Structure formats: structure tokens, C-alpha cells
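Note sheet for the following structure.
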């Protein structure tokens, strides 16, 4: 779950946001302006918005008769996980799928957003350095925050973990305070002040803020600010390392968690099939060649792994990739066997055949207009198209024993990646991926996209991670949470060493920042063309902007509270909830009556 709570939003504002920027299933929560202490859940249902009142009894939160929860967060999480449970009074199912988030209150990396006290304690105690701190959202009081600090005292006696102190940070009238007379304009000002003075507890003991615990999660729409933060040098005089170095080093230290078996690649009969002796596929995710003689050891082996986008749910049709090493003379036939059995129609090659005099990949296709047999398959090069950044080959593949069964395969070779480092700017890579995705989307029954470079981990990992993040943002919206470090960890759990260098790590950030900036501009143009009263459902978005919507900000409103609809949960009695309308909404087109 992410930051779906909007402190200063009226019902009319919520309706405007959800209609103008949301998609079906987008939702947000806000304080009730009718009943102090209660909350409202506003949900986009088709082209309309439903407002659901949430009761805060003082002991629990519920939907006036639904399940009861200790916190607002638990209530929202329950109904997002239990799809189909919420119904409108006319039986229309209400889906909570995509949170419409507020901006982060700060771009500082010590802000972790949505995090429980237990999760904060686990992180800080694992760090083990007294006076390490972070700031997170308050789950018990939405709109407030918590400063979690690792003390220098054990929690329960000698040998036990250090105690974590949680200090509530209240946001009152747009100012921040931990209580007392001191108030601050921003969270950053508050933290900077108490880094200098410490915080005195009621007992008289002091809590100090000495070492921030940095987050890698970021609101996608705020990634440009995060890039600026990561480019800053450390404050200490003995080092000039920037945040990108810190994050990448932290990622490298976590590589020990991915020590999965790689026994197949180590077999003597398979050693000649590996371009580099220590870059081997994990057994649990390796591509197994089908139809091979089981009596021949290693005959089903190829140095390639399936890579699944686990950022999206099973109902969101996330792409699957195959990450492979570049072909050797001994593996070309196996490569075409893999492409055929997986029904892959798009191959992405991110290297030249030779770079700086070194062989990177054996050409596994014939010259233009030529046909060649590779094992049991015939491959014909029907044509090549050169662009500034890449070359596109159209290949036809068929089994030698069935020439009438022909598949067309599009081979995209990126030619502008420098021999060392990364491209100077990401525009070429983003355009390249846009063409690839348009092709893949035009082939509804196509199998995984095959991506390879030379070793199949550096450029290959970089391209796959960028594409995964773009797909995630395009599905969930520009204000969704992304975590580049954790995304790479997820990919590395499927193939070892994906994303090899700090430069590649930073390039992913820069590429996603440019993708978001470009998408924002395209979305603004589309919205201006449709006019302010436009409905998302009437807009045809480009593939890379599917479901994209702009970020909501924490803005106050003078509007009054508006419509609530009677609502019930399945197997619960229908509650009678009186509709509340402001005078200017009496004849609003926002009525939720369904046809």
C-alpha cells in the first residue's frame, strides 16, 4: 500500500482528481468534513466516483456495519486485497485497485512513506548503529508522521536488540511539531533542527538524530527530485561518494541472498556452452530445451533464464522475458530451439557482434536475402532497416521438416551503447523500447521477449529493469511507488548479477525520470485537447501511457463535503446512510445511479 491519504481534500476535490486523473479502480482516502474523526473513501467506478464513509468509533474503523479494523490502513488494505467484497447499493462491484497518491512531504531520503512500526524496528535494529533514524507515515493517525530512532539502550536487557523510540510528528495547520511550542514549516526543517539539538523525552533522556536510514522507495512522479538527492555528495569530509554509489553498494552487499544453485551450468558437458565460466544460470529459473535426448547429459542446457515481472499482479498481464548470454558457435542451434519452443517473436540484442576487437556475440542470422539452417530450423533474413540507434531485422523461421509452418521474428539490435559505460542520455534507449513494446503488443499470442548482450547480465539487466518499471508505471499511474533497488533484487533472484555497474544503476534512474517527464507532457497535451471536463474513458492513450495519470498534491479546498452513497459488503446487511450533498451538487452529473 502507498500514500493514498489526502489531508486537505474535500469531496468535490476528490471527485475532480479521480475523474480527471484516475482510472477505474483508483481510490483515495480523506478526512470527513461532516463528522470530525471519521474518514471518507473516494473510489473511481467507471466514469463516476463513489464516496464511502468510514466510521471511527474510537475503538475501531468500519464501513458502518462492515468488518472492523484497528487502523484505517488495515481497513483499506483489506478491501484492496478482497476484491469483489464491496458493492454499491445497486449491486455494482467497487474495486479498490490503484491508489491515487499525495506527493511525498519531502524529497529527503530518510522519508520512508508507508511503513509500520514493526517494519521500522526491524530495519533499524538490523542496522545496529545507535541514533540511526527514519521518518514514516503514521498508520494509526493518517496525515501525521512518526520519527523512529534506534537508541543506545537494549530493549530488554543485555544481549537483546537496541530499543527503538517512536516519536509522533503532528501536522497541524500546515506546520509540523513533536509537541510543545516549537513548530516548523516542513518535515525537513523539523529533522534538521533536532539533528542539532536532540529531542528530550518526558523522562529527561535525550534522543539524538545522527545517522539517517535511507529509503530506496520513491513516488514515481517525484523521481527527478530523488535523482537530484542521489547526486549530492555525502556531508562527511573523508568521502565524496554520492547517493547512487551508496545505493549500489548496498545492493551488492545483498547479493549473498541470491546464492541459488547453478549446478547445470557447472556440468563438464556444459562448460563449453558458457561464454564466461562463472556467469551461469540459476537452476530454478533456467530455460530447459525441450525434445532433447535425455540420455545425452546436458542436451537440454542453454545459458538463459526466465525473468518474470513480479511488480504486477497475475491479472495485469505483465510481460515475461528471457535473459540470455550472447551466442557462441556451439550454442546457435540451441538459441533457435529456445526461440521456437517459447514462441518468442521479438529478440533484443544490446551489443554489436564485435566491440573493441573482442567477440561479443556470434551472428546467429544469415545475410539479407539469404536462408540458412541452424539445427532443425531454417532462418531467412527477409530484410533489414537501419535507424540512428538500432537495426531491425525481419526474420522468418520454420522447421526443416515442415516448411509451411513459418513464424516471423523481429530482431532489434541496439547499436548505440558505448563500449564502456552507458549512453550519455536515455532518449535513444526509451525510443528503442517503445518500438519493441509496440511490436510485442501487436502480437497477442507471442511468447517471452528474448534479451541478450554478451554475458546476458549487464546491459540485458539494465534494459529489462527499465522496461519493467515503465510497464509498472504505465499500468498503475505516474504517482505509484517504485523501488529501483528492490526491482533489481527481484530480477537478480532470477538471474545472477543483473545490472552490473553503478553507471548502469544510475542510468536506470535517469531513464525512468525522462520517461515520466515525457509521459507527463503527453498526458497534459491529451487533457488540454479534451478540455477540463474530459473523462478518462473517452481518451485513447498511447501504449506507454496506458492508465497514466498525473500526481495529486496536498492542496486545501474551500468546497463542502459532497455525496455519500449507500454501500454494503457481500453477506452484510445494507446500511442506510443518508446522502449528503452540497448546494451546488444538487443536480450534479456525478450521480452514481447506474443504468
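Glycine is treated like the rest: Cβ placed from N, Cα and C.
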Checking 16, 394, 518 against Swiss-Prot, the one recorded as phosphothreonine is 394
Between 97, 308, 506, the ubiquitin cross-link label in Swiss-Prot belongs to 308
Per Swiss-Prot, the phosphotyrosine among 64, 213, 306, 412 is 64
Phosphotyrosine, as annotated by Swiss-Prot among 276, 390, 564, is found at 564
Lowest 10 Å Cβ neighbour count of the recorded positions 10, 57, 394, 500 is held by 57
Candidates 10, 57, 308, 394, 500 (recorded positions); nearest Cα to residue 453 (active site, phosphocysteine intermediate) turns out to be 500
Quick note, residue 454 (substrate binding site) and residue 308 (ubiquitin cross-link): C-alpha atoms separated, nearest Å, by 21
For substrate, with binding residues 419, 453, 454, 455, 456, 457, 458, 459, 500 per the record, max Cα distance (Å, no decimals) returned as 15
Quick tally, other C-beta within 10 angstroms, 456, 458; top of the binding-site residues is 456
Simplified to three states, DSSP reports residue 458 (substrate binding site) as helix
